[in-house]
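Quick look at what Swiss-Prot annotates:
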- G10, A11, G12, K13, G14, T15, R123, V132, Y133, Q200: ATP binding site (BINDING)
- 30-59: region 'NMP' (REGION)
- T31, R36, Q57, L58, V59, G85, F86, P87, R88, Q92, R156, R167: AMP binding site (BINDING)
- 122-159: region 'LID' (REGION)
Amino acid sequence: MRIMLLGAPGAGKGTQAQFIMEKYGVPQISTGDMLRAAVKAGTPLGLEAKKVMDAGQLVSDELIIGLVKERIAQDDCAKGFLLDGFPRTIPQADAMAASGIDIDHVIEIDVPDEEIVKRMSGRRVHPGSGRVYHIVYNPPKVEGKDDVTGEDLAIRPDDEESTVRKRLGIYHEQTKPLVEYYGKVAEQGKLTYNKFDGTQSVGAVSEAIVKAIG
């Protein structure tokens, strides 16, 4: 079962990825983890990627596709894999198809931008312990203070509203076109494309995914 997850940052992909991995016994392939592992293992592609990254440049699509192919040939991918965060653009999707990496199911988790902004910009963290709160969904007992220590809570830079909106802008520009791209591939009968309402509870989304992909 070869699955790809699509959705904006903050849509809840990470939670569902965890569920899918456990339910179907497939590994999650995240390009970031894969790059780090290849560099650490010192594979030829890893060494090439290290050279590029050390020079402060972006790793090319070609190199990433090579790493994906190397990764999915490993034993733990025998039953399939879960791609998260790749491909991000149409050229990457084209390159992936051209290199023979097939996908069975594309899962899109759809959450309106304003809901994502509310979810992410409402997060508060206690820096000392890593405890996470949310001003709406999981507020601390005393506003702005950690329940255990009474110390001040902070907003992570990634959760600042301006940062969240910027990341959403990049997503709509680069990755959202993949929704249409894979919709067309699905029409040709080459894979199934399912869109889920990510504003539902985590359990409801997980249940809907199982119903759709079996």
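Heads up, the Cβ atoms here are built off N, Cα and C, so glycines get one too.
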Residue pair R123 (ATP binding site), R156 (AMP binding site) - Cα distance, angstrom, rounded: 8
Residue among the binding-site residues G10, G12, G14 whose Cβ has the most other Cβ atoms within 10 Å: G10
Reduced DSSP assignment, T31 (AMP binding site): helix
Other C-beta atoms that fall within 10 angstroms of the C-beta of R156 (AMP binding site): 13
Winner by Cβ contact number (other Cβ atoms within 10 Å) across the binding-site residues R88, R123: R123
Assigned conformation of G14 (ATP binding site) - DSSP reduced to three states: helix
Chain-internal residues, separated by at least six, CB under 8 A from T31 (AMP binding site): I64, L67, V68, G85, F86
